[in-house]
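Enquirer: Right, I'll just put the structure down here and ask away after.
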Amino acid sequence: MSASHADQPTQTVSYPQLIDLLRRIFVVHGTSPEVADVLAENCASAQRDGSHSHGIFRIPGYLSSLASGWVDGKAVPVVEDVGAAFVRVDACNGFAQPALAAARSLLIDKARSAGVAILAIRGSHHFAALWPDVEPFAEQGLVALSMVNSMTCVVPHGARQPLFGTNPIAFGAPRAGGEPIVFDLATSAIAHGDVQIAAREGRLLPAGMGVDRDGLPTQEPRAILDGGALLPFGGHKGSALSMMVELLAAGLTGGNFSFEFDWSKHPGAQTPWTGQLLIVIDPDKGAGQHFAQRSEELVRQLHGVGQERLPGDRRYLERARSMAHGIVIAQADLERLQELAGH
């Protein structure tokens with residue numbers, strides 16, 4: 001699937017139509033209807049919001065991973081209530097999003113009761129944008145922080161070989177009078193999916209994103225993908241955050257570190273088999289003024305000092321456009337999706 005439809009014939013589909021199409025694709029290619037529901041909504045949401053590196057661009061990777069037997073598309077997550085503020089989920093070698101969905105209501109109940117709750121997911125495959133995992137909590141007035149480790153492709157600061165994954169972190173918080181503050185970011189200098197897109201489109205990357213197989217700086221995306229590696233953002237600072245993600249998303253949850261799984265016997269596998277941690281906070285338990293109002297005051301001050309666009313603003317604008325006018329997809333991509341759905 002292409003990530004851009006510039007200079008290509010396009011078609012427009014509604015958000016519900018895209019969800020339905022993707023759902024049928026996942027079922028045809030080996031997931032249960034329940035898993036298909038969750039994955040289709042996640043993928044369609046990314047496409048709707050302009051997060052093209054995690055929208056329909058990801059479908060071939062999902063399907064090749066399913067076909068290889070690497071991930072169980074019919075896995076039923078096992079939710080374990082292990083403490084007043086702690087929930088564990090064994091994803092049973094399935095996708096991470098259904099594991100989160102299975103535990104969400106219990107996690108929210110615990111957060112509202114104790115003021116904070118932790119969800120530790122292990123044995124999971126996360127192949128999607130991370131912001132959809134935290135946004136629903138922010139919409140319910142909660143603060144959420146999530147992190148997931150991925151496959152080895154990032155050289156730690158000062159090291160000679162890759163060890164970490166891109167290891168993204170997502171944050172969501174309610175805001176009075178506006179959309180929730182929601183963003184995610186890779187702890188690598190650039191997301192791995194954006195490198196793949198640049199390679200397909202024949203574009204050079206900005207300097208400082210990665211190295212080739214000899215450890216030399218390169219702006220060629222294919223050199224990074226062909227035996228090279230990404231760099232952490234911000235040098236030692238991003239490297240330290242990536243290490244934190246490994247410890248919390250894998251070490252704490254019981255999932256694999258980014259370097260611990262081996263998919264060599266599953267040709268076509270692309271989904272990292274690792275872990276995920278979520279921390280959910282009920283801000284009403286905090287002191288002072290209403291948290292959402294304080295969030296709005298911070299936003300007002302940011303605008304006052306000249307920051308015109310906040311993290312997530314572009315995504316919300318694209319969402320509004322897509323919901324009003326439909327999601328624009330390259331005609332060739334839509335036809336391919338319809339073929340995959342069995343049309």
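Including glycine, each Cβ sits where the backbone N, Cα and C put it.
So Swiss-Prot lists the following for this protein:
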ACT_SITE  SER53  active site, charge relay system
ACT_SITE  HIS54  active site, proton donor
BINDING   ARG58, THR166, HIS192, GLY193  substrate binding site
BINDING   126-130, 184-186, 236-237, 309-315  NADP(+) binding site
ACT_SITE  ASP194  active site, charge relay system
Enquirer: Specify all same-chain residues, apart from the site residues ARG58, THR166, HIS192, GLY193, whose Cβ lies within 8 angstroms of the center of the Cβ atoms of the substrate site, ordered by sequence.
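Expert: Close Cβ neighbours, site residues excluded: SER53, HIS54, SER150, ALA191, ASP194, VAL195, GLN196.
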Enquirer: Let me know the most crowded of the binding-site residues, choosing from GLY193, PRO311 and counting other Cβ atoms within 10 Å.
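Expert: By the 10 Å Cβ neighbour count, GLY193 comes out on top.
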Enquirer: Hey, how far is the residue listed as 'active site, proton donor' from ALA129 (NADP(+) binding site), Cα to Cα, in Å?
Expert: 6
Enquirer: What's the CA-CA gap between ARG314 (NADP(+) binding site) and THR166 (substrate binding site) in angstrom, rounded?
Expert: 22
Enquirer: If you count other C-beta atoms within 10 angstroms, which of the recorded positions HIS54, HIS126, HIS192, ARG314 is the most crowded?
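Expert: Going through HIS54, HIS126, HIS192, ARG314 one by one, the largest Cβ count within 10 Å is at HIS126.
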Enquirer: Applying a 10 Å Cβ distance cut-off over all chains shown, what neighbour count does SER53 (active site, charge relay system) have?
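Expert: Counting Cβ neighbours of SER53 (active site, charge relay system) within 10 Å gives 17.
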Enquirer: Check the Cα-Cα distances from HIS192 (substrate binding site) to the recorded positions SER53, ALA129, LEU185 and tell me which is shortest.
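Expert: If we rank SER53, ALA129, LEU185 by Cα distance to HIS192 (substrate binding site), first place goes to SER53.
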Enquirer: Can you tell me how spread out the substrate site is, meaning the largest CA to CA distance among ARG58, THR166, HIS192, GLY193, in Å?
Expert: 16
Enquirer: To the nearest whole angstrom, state the Cα distance for the pair GLY193 (substrate binding site) and LYS237 (NADP(+) binding site).
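Expert: One finds 22 Å between the Cα atoms of these residues.
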Enquirer: Looking at the recorded positions listed here (SER53, LEU185, LYS237), whose Cα lies nearest to that of ASP194 (active site, charge relay system)?
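Expert: Checked the recorded positions SER53, LEU185, LYS237; minimum Cα distance to ASP194 (active site, charge relay system) goes to SER53.
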Enquirer: Take the C-alpha atoms of HIS126 (NADP(+) binding site) and SER53 (active site, charge relay system) and report the distance between them in angstrom, rounded.
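Expert: Computed Cα spacing between HIS126 (NADP(+) binding site) and SER53 (active site, charge relay system) is 14 Å.
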